[in-house]
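Notes for the one structure printed next.
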Amino acid sequence: MSAALRSLLRRPAGAAGAAIVAAVALVALAAPLLAPHDPLALDLARKLRPPGPGHWLGTDQTGRDVLSRLIWGARPSLAVGLLAVVIGTLGGVTLGVTAAMARGWWEAVAMRGMDALASIPLLIWAIAIVGIIGVGPVPLGPFQLPNESKIVLLVGVLYMPPLARVAHGGALLEARADYVQARRLQGAGTLPIMLGDVLPNCLSPVVVQATLLIAVGIVVEASLSFVGLGVEPPAPSWGGMLADARRYIFSGEWWTYLFPGLAISITVIGFNLLGDALRDTLDPRKASGTVRVVA
Amino acid sequence: MWALLSRLLGSAAVLVAVSLVLFALIHANPVSPARVVLGNDASEEDIAQFDADNGLDRPVAEQYLAWASRSLRGEFGRSLVDDTSISRTIAQTMPVTVELVLWAFLLALVLAIPLGIVSALHEDRWVDHLARALATVGVSIPGFWLGLMLIAWGAVGLGWFPAGGYVPWTEGALPHLRSMVLPAMALGLYYVAIISRMTRSAVADVMMADHVRVSRAMGLGRGRIMVYILRNALSPIVTVAAMSFGYMFGWALIVEQVFTLPGMSRALLNAIFRRDYIVILDVVLIITAFFLAANIVADLLYRLLDPRIAE
């Protein structure tokens, strides 16, 4: 793996992608340390200040510090993108690999189910589900999950089909490979073969796909927050900041709508560069097809 | 033929399953539409009366069957909140959304295919690197932010285009088209990137095929070879384009919000904020049906263009 990692970082696109992703992750984790101001602190005396000392990226319509809100806004973006992909990967890989190992009726049921799920358009369903359940926190025992958790769950489930397909394709090839047959003849059970041989060897295309899907998830979260169905104000989110900034396009307070959009775009570019570079390093034959992430 | 039939049946099954899920979710929700329509100080009797009037007190299964048989006959019923005909709402808003998607799709094809071909013909030269960099940026910029930046540039800055709103055809073709330019760009750029990447890789794959080398060795003209290459590279490009067409309906809703276009997003978001469940259900199912249809067309075209798959 370390050889693959070195080869990844030697590619300029891969290194740039990894650097962007690492930087955004660090910003999200260290938000309380990095943010110069409280992202929620109103200061009506200093509203809509242009970038300058004290407020390096300016202030918004209620005098909140744009830079601090950008830093805190990295959290919901990454959380939604990553958690949705974790759900999709766990579900998709489990279904894909077990389907490839079991064959027969289980393969038919699992993969036809994935086909059905793949025919559901992501964004419109995210809008509909949040719309029907209603915007608001989700109570779960003693915890209050934020509104975004609905998006995470839905997007995660809809991410299962593409991940299940690449895992299934890879596992089919591995299960037929000579070394797996040899292990079987040695008397290894199905479960050890599945977990020890097939699973680790069919993960590379999954990793590529998962990285590209994180990028899509971030855009979905920002889009929903923009129309008021994602992160609930006043909590900072990049999409929500852009929703607040809309009317300042006409009055010229450019810092309110330029920086949040740049934050989303740069983060998404980072994941896309990383995903493309991972594909080139892990999967040079491009066996899993070329660009299969359409959203 | 069988494949097509099974795709159609599968899609019908998906629509039924999806409408069941939506119906179940709606009924699992504790907030009755009556509360929204009649207000918080409505009495229990008023709410019971409202539910009885609208058939909401009947068993869920019965309500579902009533709704399904109505929908199959092509009637969408009336809004629970303001009693307007849903068919009329859809007839007013759907043309706007469909037109936006068509322009964006056209824009994506016109830009993406030449870009992808040029990129593949000059593999690893600067044109290719530039085109690929543009594609990476293009898939990464969210359409709604691009829309905001286009308003800042084309409407507020240059004043060439309106900042939003919809000018109907009846007020002149030019003002109408002008009002669609920025939204089509905002929606289309992502798909320019997706389709140009697919075109590049499909053309590059075919260029390495033996029959192309043979044609070259035989001394066929460049134009002739190009026709062969495109003919063979067409099926993956067409598939991705048709799939993109389906996905565009989802993102069109967000772009419509940016440019305040009176499309289906207005109907849907209004319904969401007013908990007008029947409208939500109908709009979501219509867009899902568009998406399914686009996928079937993609599949069909793929089979038509590449008969090897049909086996």
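Any Cβ shown, glycine's included, is placed from N, Cα and C.
The structure displayed is predicted, hence computed values, not measured ones.
Lifted from TrEMBL, the feature list:
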- B:94-302: domain 'ABC transmembrane type-1' (DOMAIN)
- B:100-121: transmembrane segment (TRANSMEM)
- B:133-156: transmembrane segment (TRANSMEM)
- B:176-194: transmembrane segment (TRANSMEM)
- B:233-254: transmembrane segment (TRANSMEM)
- B:277-302: transmembrane segment (TRANSMEM)
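Long-range neighbours of the transmembrane segment (B:233-254) within the same chain, counting only residues 6 or more positions beyond its ends whose Cβ lies under 8 Å from a Cβ of the stretch, are 97, 100-101, 104-105, 108-109, 113, 116, 143-144, 187, 190-191, 194-195, 198-199, 201-203, 205-206, 263-265, 268-269, 287, 290-295, 297-299, 301-302, 305-306, 309. The stretch in B:133-156, B:176-194, B:277-302 that contributes the largest number of Cβ pairs under 8 Å to the transmembrane segment (B:100-121) is B:176-194.
Long-range Cβ contacts of the transmembrane segment (B:176-194) within its own chain (Cβ-Cβ under 8 Å, at least 6 residues beyond either end) map to 99-101, 103-108, 111-112, 115, 134-139, 141, 143-144, 146-147, 150-151, 154-155, 160-162, 165-169, 240, 244, 248, 251-252, 255-256, 258-259, 261. Residues 115, 162-164, 181-183, 185-187, 189-190, 192-194, 196-197, 251, 254-255, 257-259 of the same chain lie 6 or more positions beyond the ends of the transmembrane segment (B:133-156) yet place their CB under 8 Å from a CB of it.
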